[in-house]
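Chemist: Okay, here's the structure, questions in a sec.
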Amino acid sequence: MKLLTAFSPLVVLILFQEQISCYYLTKYASSGYYQDADFVIGGLFSLRVTDGDTFISRSGVEDTSHIAEYVFADLIKYYQHILAMVFAIEKINKDPNILFNKSLGFFLFNVNFIEMKAAEGSMALLSGESPPIPNYSCRPEKTDKLVAVIGGISTSISIQISRVLSLYNVPQISYAPFDQILGTRVQLQSPYQFSMHTAALYQGIVQLLLYFTWIWVGLVVPDDMRGELYLRDITKEMISHGICFAFAEKVTEYSSMDTVNWKHFMERLTLTPVIITVGDTHSLLRIVYFVIFYNLSGNVWITTSDWYITTLPFEQNLIYTHFGGGLSFSFHMDEILGFKDFLRSVQPRKYPHDIFIRHVWSSLFGCPHYYQHRLWDLSQCEPNGSLSTRPLHAWDMNTSPYSYKVYAAVYAIAQALHEELSLRVEGDSSNKCLLQAPLPWKLHPFLQKGQLGRSTNEENTVNKEVSAIKLDIFNYQSLQSGTEAHVKVGEFVFDSHSVQHLSLNDKIITWGKHRSQTPLSVCSQSCPFGFSKTAVEGKPFCCFDCVPCPDGEIANKTDMDQCIKCPEDQYPNKQRNQCLPKIMVFLAHEDPLGTVLVSLAISLSAFSAMILGLFICYRETPIVRANNRNLSYLLLISLKLCFSCSLMFIGQPRTVTCVLRQIIFGIVFSIVISAILAKTFIVVMAFKAIKPGSILKMGMVTRLSNAIVCCGSIIQVCICAVWLGTYPPFPDVDMHSEFGQIILWCNEGSTLAFYCVLGYLGFLASLSLLIAFLARRLPDSFNEAKTITFSMLVFCSVWISFVPAYLSSKGKTMVAVEILSILASSAGLLGCIFLPKCYVILLKSGGHSRKKFFK
């Protein structure tokens, strides 16, 4: 292989520019697992976490008296990644049409999760042996056949591999979770990645949270650049859907937090029952250890397929106790046909050169362990042992997402080889060109246009013809058989047109050992009907207080941000969760108050008619004649009209009644007061006319009284005419004065005109009171001055009391106040002026004579 050039100084600079760990290239060097063939694919896998001193072994937590700073774990289930590659290569070799009867081999190394060991493994693939000699091909029979490399499992491992392979332009396919950072590193060749539509993943998580109404959640991400991007994107998506975080923590894969900080971190995990974790198994490995150490349980963990928690080597039920009931999202994978059968057939004697199967078998079947780093004794293992017999906590027969990526990566390389070899065959019919493996860099054009694309700042779709993306949702639950498994409970479909569909069978979901029902994950209890949310200062928007809706507003849903104002013609019920139609209110004839007022008005009107009839019958009696019969008739008729006009105030207000009732009231009352004023004036003028030498005649006094009545009434008519011509009364509604009622009332239009009418009546009444008061001592048996004085006092008292009562009342009460004022003042005039005369007419009419009258 003549790929190696004079890049040794550059290789050394790149590999050692960061002090990752004190690791020597020769420390525990492995020869790798090699299978010869015409073309060889390199594989760099991670089967063990060694971050320092032993903390946790396969049986669980070893020492619970303190928290170690380092962790150790054999990830036995990650051996499935290697088997997926072996299975894919064997399957390809069985099909002569893919590689034109050429075979495909592999060269595999375990780099754990150590970045320097990943660099060593990369150089071992280029050098042909381990420990490697940088920039030198020790085994050209191996290195000349290398066409591509698959690895690593994380971003940091992939970067170290890429730093070496990119110098020699060897294609690298990373099976790590998609990371935009891999495409932005300053290096010659970025690794190829399997695309992952993170927008679909975040949308799926959000829709799941909304489905269960989980709006108060925690978020845990790895403390690296990828975690920063996760945190930024998923936070933005969740906040836009009304979901907020109880906490957002970053977890380092190295020991950078002391015990106090870890205790504080564990306390924060108890703030909410639902925790979202976005990251891979290795980057979040430490949090698993501390959750078990602090015995934190009862949380619902929402994860992605990258955090394949069942791969961790713990004793039976230990993982399920703390993480059971969790939900995980995985991009839909087609089942690899024949892979489970292949796993059942895997045995050490079938693959005697597999250096990894020995450790796996000894762990799964209880064989003697590694002896002095050299010897293995598998004689005590089950001779016919099968991986399918192992429980879930030890081995998983289901294809993991990582295994699926490795399998797909092998086929992507095989497809690229097929296309490259096809070009050779077209140019050379003798097939001599197929004798040598193609140079690795020649596969780049085919990998770029195939299912895998170069990683850039934008994610590449695996299949550009398929716009819809489907995610499977799994629930980690315990089966009736006593084993634990990931059970598919739903799926989420997302396409480029933003069409989303979440289907979930929540009836088969279990929530672990500590919960029997769906957990409630909210910061504040839901605000019931009739209450709205108000923010709590210093807390996220999901934390709120519930306050009752103000008057006139309702909340007909739970957790309303603002109450809804009822329409003007409706009002809220007592619970303030529904708007009810307001009741139309006016002083109706059927109302008890309306009935009483109607009866009173009719009775008083009839009573005034009876007095009028009495006066007509006894019109020739001295007392009737002495008090000016015509004015008495006019006054009684006007009072009867006053009683009758009050009936127009009762009933639903209409345009005609609103206009006529105040106008008629004003004019009729002006006639009444003018007639009383004329009567008072006659009393005074009569005594002056009978004095010796007076120029006044009784006929002149009578004509003058008629003029007073006409003049007083005409002025009121003019005031009413101006009122009607400018701003007349009209029917109106009052929706706000009384709760739950719409008051139908007559708006007086011009308030000034209304009070001018009342003021003019007050002026006439005051003038009558003044004249009557001055004439009260005139010597006459039929002198009306005293009764008029008393009647005017009653009249003025009623209407003076009317003004404040009228202004302070609303609706039916306001109308009733005016009706009572009309009836009371009219009844006062009727009683004070005419009842004494009726008494005289009916009981003492015989004792009066004209002679006595003139005395």
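Using the three backbone atoms N, Cα and C, a Cβ is placed for every residue, glycine included.
From Swiss-Prot, here are the annotated features:
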SIGNAL    1-22  signal peptide
TOPO_DOM  23-595  topological domain 'Extracellular'
CARBOHYD  Asn101  N-linked glycosylation site
CARBOHYD  Asn295  N-linked glycosylation site
TRANSMEM  596-616  transmembrane segment
TOPO_DOM  617-630  topological domain 'Cytoplasmic'
TRANSMEM  631-651  transmembrane segment
TOPO_DOM  652-662  topological domain 'Extracellular'
TRANSMEM  663-683  transmembrane segment
TOPO_DOM  684-706  topological domain 'Cytoplasmic'
TRANSMEM  707-727  transmembrane segment
TOPO_DOM  728-753  topological domain 'Extracellular'
TRANSMEM  754-774  transmembrane segment
TOPO_DOM  775-786  topological domain 'Cytoplasmic'
TRANSMEM  787-807  transmembrane segment
TOPO_DOM  808-814  topological domain 'Extracellular'
TRANSMEM  815-835  transmembrane segment
TOPO_DOM  836-855  topological domain 'Cytoplasmic'
Chemist: Averaging the per-residue pLDDT over the topological domain 'Cytoplasmic' (617-630), what integer do you get?
Modeler: 79
Chemist: What whole-number Å value do you get for the CA-CA distance of Asn295 (N-linked glycosylation site) and Asn101 (N-linked glycosylation site)?
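Modeler: Per the Cα atoms, Asn295 (N-linked glycosylation site) and Asn101 (N-linked glycosylation site) stand 57 Å apart.
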Chemist: On the DSSP side of things, how many residues of the topological domain 'Extracellular' (652-662) fall into helix, strand and coil, could you say?
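Modeler: Split by secondary structure, the topological domain 'Extracellular' (652-662) comes out as 8 helix, 0 strand, 3 coil.
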Chemist: In the same chain, who gets a Cβ under 8 Å from the transmembrane segment (787-807) while lying at least 6 residues past its ends?
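Modeler: Cβ under 8 Å, 6 or more out: 673, 676, 679-680, 683, 758, 761-762, 765-766, 768-769, 772-773, 776, 814, 817-818, 821, 824-825, 828-829, 831-833, 836.
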Chemist: Between the stretches 596-616, 663-683, 707-727, 754-774, 815-835, which one has more Cβ pairs under 8 Å with the transmembrane segment (631-651) than any other?
Modeler: 596-616
Chemist: Could you pull out which residues elsewhere in the chain have a CB under 8 Å from any CB of the transmembrane segment (815-835), counting only those six or more residues past its ends?
Modeler: 586-587, 593, 597, 600-601, 604, 607-608, 611, 615, 632, 635-636, 639, 642-643, 645-646, 649-650, 665, 669, 672, 676, 745, 784, 787-788, 790-791, 794-795, 798-799, 801-802, 805-806, 809
Chemist: So, does the transmembrane segment (596-616) come close enough to the transmembrane segment (754-774) to give 3+ Cβ pairs below 8 Å, pairs being at least 6 apart in sequence?
Modeler: no
Chemist: Can you work out whether the transmembrane segment (663-683) touches the transmembrane segment (596-616), with the criterion being 3+ CB pairs under 8 Å where the paired residues are 6 or more apart along the chain?
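Modeler: Checked: the transmembrane segment (663-683) vs the transmembrane segment (596-616), no contact.
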Chemist: For the topological domain 'Cytoplasmic' (617-630), what are the DSSP-based totals of helix, strand and coil residues?
Modeler: 8 helix, 0 strand, 6 coil
Chemist: Please list, for the topological domain 'Extracellular' (808-814), how many residues fall into helix, strand and coil according to DSSP.
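Modeler: When I sort the residues of the topological domain 'Extracellular' (808-814) into the three classes, I find 3 helix, 0 strand, 4 coil.
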Chemist: For the topological domain 'Extracellular' (728-753), give me same-chain residues lying six or more residues beyond its boundaries with a C-beta closer than 8 angstroms to one of its C-beta atoms, as numbers and ranges.
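Modeler: For the topological domain 'Extracellular' (728-753), the sequence-distant neighbours (Cβ-Cβ under 8 Å, at least 6 residues beyond its ends) are 551, 568-569, 571, 580, 582-586, 652-655, 657-659, 661-662, 719-720, 722, 810-812, 814-815.
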Chemist: Just jot down the residues in the same chain as Asn101 (N-linked glycosylation site), at least 6 apart in sequence, with C-beta under 8 A of its C-beta; none if empty.
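Modeler: Counting only residues 6 or more apart in sequence, Asn101 (N-linked glycosylation site) has no Cβ neighbour under 8 Å.
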Chemist: Is it possible to list how many residues within the topological domain 'Extracellular' (728-753) are helical, extended or coil according to DSSP?
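Modeler: Helix, strand and coil residues of the topological domain 'Extracellular' (728-753) number 3 helix, 12 strand, 11 coil.
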Chemist: Please give the sequence-distant neighbours of the topological domain 'Extracellular' (652-662): residues at least 6 beyond its ends with Cβ less than 8 Å from one of its Cβ atoms.
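Modeler: Residues packing against the topological domain 'Extracellular' (652-662) from afar: 586, 588, 645, 724, 728-732, 744-748, 754, 757.
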